[in-house]
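Please read the structure below before turning to the comments.
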Amino acid sequence: YKLSVAPEMDIIEYCRKEWRGNTPVAKRMRKGYEAVAQKFTSIRRVRGDNYCALRATLFQALSQATQLPSWLQSEDFTMLPENLVRKHNWIKQWQLKQKLGRKMGEISDEIKEYLMLLRKKWKNISEIKGPTEKQEACDKLFKNEEEEYSLYEALKFLMLNTAIELYNDDKNGRRVPVFSWLLFARDTSSNPCQLMCNHLNHIGHSGGLEQVEMFLLAYTLQYTIQVYRLYKYSTDEFITLYPNDPEESWPVVTLITEDDRHYNIPVRMCEETML
């Protein structure tokens, strides 16, 4: 099995290897990496398929998990697929990785298994006290392709559920975050069914997460995703938060991107910034 998240490497060394030239882009990237290196000493490369935003976020969340999030604790959490399919027949068009054309009856059971796996892994890893042991458990999980991809299916399904809730809240006149309007303002996702067919079904297959879907992921996990967007160095978008007005109680995970398509993860906070 190959590890989906490579071992750590010194951030500045990594940058020197990747960005050697003297083009404006290379200079900007080096400046960006230097700024990240003020806070973190190392970087871990994330496998670059179309799951990399989900992979980087989940890996970071699990690496620092100390408890099970409240949404994973709810009684009816694993009943979600059945309940949603009962209300929305179109969910039968959900496409599981490598299992295209399956009937939703079976898919419903499979997604239930994936949700149970997510809860189990999150619980087990969050109960590990030692940071080294916790890291080893995460590395082990992200070497197991079968389990890893099952977790992404669970996350995608939870994103769909969040999108349905936001859509209904808006229709019923309740306040929704701004990104929710943007999510459903696209021609390709004016409602949750379109979002599923044209976007969520493609994540991991033919496309990754778009900007507005990063907001949806953060909202779903109830985590703030802080991203160093290196190509935006020296603009006010260099460090972008999803969502941009996060709840104070939400934990924060940090990612790095050079282009808003591929994400890597910074690790090991510098001693002085931890105090």
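Note that Cβ sites are derived from N, Cα and C of the backbone, with glycine treated the same way.
Positions annotated as active site by TrEMBL: Asp49, His262. According to TrEMBL, the feature active site, nucleophile maps to Cys52. Feature annotation from TrEMBL assigns site 'Linear diubiquitin binding' to Glu237.
The residue listed as 'active site, nucleophile' sits 6 Å from His262 (active site), taking the CA atoms of both as reference points. Between the CA atoms of Asp49 (active site) and Glu237 (site 'Linear diubiquitin binding') there is a gap of 25 Å. Long-range C-beta contacts of His262 (active site), restricted to its own chain and to partners at least six residues apart, with a cutoff below 8 Å, comprise Val46, Gly48, Cys52, Gly208. Its Cβ taken as reference, Glu237 (site 'Linear diubiquitin binding') is surrounded by 11 other Cβ atoms within 10 Å in the chains shown.
Counting every protein chain shown, the number of other Cβ atoms lying within 10 Å of the Cβ of the residue listed as 'active site, nucleophile' is 23.
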